[in-house]
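Peer 1: Found this in TrEMBL, in case it helps:
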- 16-290: domain 'NADP-dependent oxidoreductase' (DOMAIN)
- Tyr49: active site, proton donor (ACT_SITE)
- Lys78: site 'Lowers pKa of active site Tyr' (SITE)
- His111: substrate binding site (BINDING)
Amino acid sequence: MYSVKLNNNRDFPVLGVGTLFATKEGEAEQLVKDAIDIGYRHFDTAMVYRNEKEVGAGIKAKISEGVVKREDIFLTTKLWCTYHRREKVVEACKTSLSNLGLEYIDLYLIHSPSAFKEGDDFWPKDSDGKLMIEYVDYVETWKGMEECVKLGLTKSIGISNFNSQQIDRLLKAATIKPAANQIECHPYLNQAKLIAFCKEKGIIITAYSPLGSPNAIAKETTQAPLQDPKLQELAKKYNKTVAQIILRYLIQHGTVPIPKSSNKKRLQENFDIFDFEISKEDKNAIDALNKNIRICLFTGTEEDKNYPFGIEY
């Protein structure tokens, strides 16, 4: 598996597997085991996905079989929005580690700059059904993240869904720079400006929903990138699937895509993208498909002071 270097010189595999929605009993564990057999070494989970135990079990099963060693695997998990107070961050990280059953996390991310009311409910709502936002300065949250590195709980730390202004502010206060920013990125939201901004700051971009979340209902579009005529035309030209074209494009676009699938055939298909390259002309044609359509809107957080999607990038 090809890798890029994070700003702390750690290797970051250029293609990963997302595990959101892998919530049926045994699904995430089987997905991880299948993916490791195919050749994947990079897995992405989060406390809020409620599948950390299974993801960890899949990794440990393959370590026990002698297929991989722990150092071969790159595992990302995330701090949820109900744990943003500085003193809660280490507690949350330790809970994730306990769920995973592993000795360390490779990359620990702040899932979103928005914080929710503390408590056992991941999506706390008031009596009117409105999401309960609680302002916590993400700079304070970051200090807790840095503590996780110092304690050896995680090798690297980063952010998710942060915009350029938030990153700038964070960098001014950070002792440890964020290694990565995980954002929604696909041909209809190619994030060119935010990618260029992060590259200049030495921050790698992880692309979630790289295929445009084919299972999600996008309110602003009836068409997902997988149905795009231009991408279908390029798939024929390169003798690849549309998904393979998109994933290859995103790697050449300077991101690390983490497509989600628990289907073994599709996992294999998504992995088979290292035997071709998209020409500059065709890459430009895919760039031109950008519509700035966002699928993951974090509905209910729009009024939060830390809402990240209110500016261009």
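Heads up, the Cβ atoms here are built off N, Cα and C, so glycines get one too.
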Peer 1: Give me the CA-CA distance between the residue listed as 'active site, proton donor' and His111 (substrate binding site), in Å, as a whole number.
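Peer 2: Answer for this pair: 11 Å between alpha carbons.
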Peer 1: Cα of the residue listed as 'substrate binding site' to Cα of Lys78 (site 'Lowers pKa of active site Tyr'): how many Å, rounded?
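Peer 2: Distance between the two Cα atoms comes out at 5 Å.
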Peer 1: With H, G and I counted as helix, E and B as strand and the rest as coil, say where DSSP puts Tyr49 (active site, proton donor).
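Peer 2: In the DSSP reduction, Tyr49 (active site, proton donor) maps to helix.
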Peer 1: Among the recorded positions Lys78, His111, whose Cβ has the fewest other Cβ atoms within 10 Å?
Peer 2: His111
Peer 1: Mean pLDDT, the domain 'NADP-dependent oxidoreductase' (16-290)?
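Peer 2: Summing pLDDT over the domain 'NADP-dependent oxidoreductase' (16-290) and dividing by its length gives 95.
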Peer 1: If you draw a 10 Å sphere around the Cβ of Tyr49 (active site, proton donor), how many other Cβ atoms fall inside it, taking every protein chain shown into account?
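Peer 2: I count 20 other Cβ atoms within 10 Å of it.
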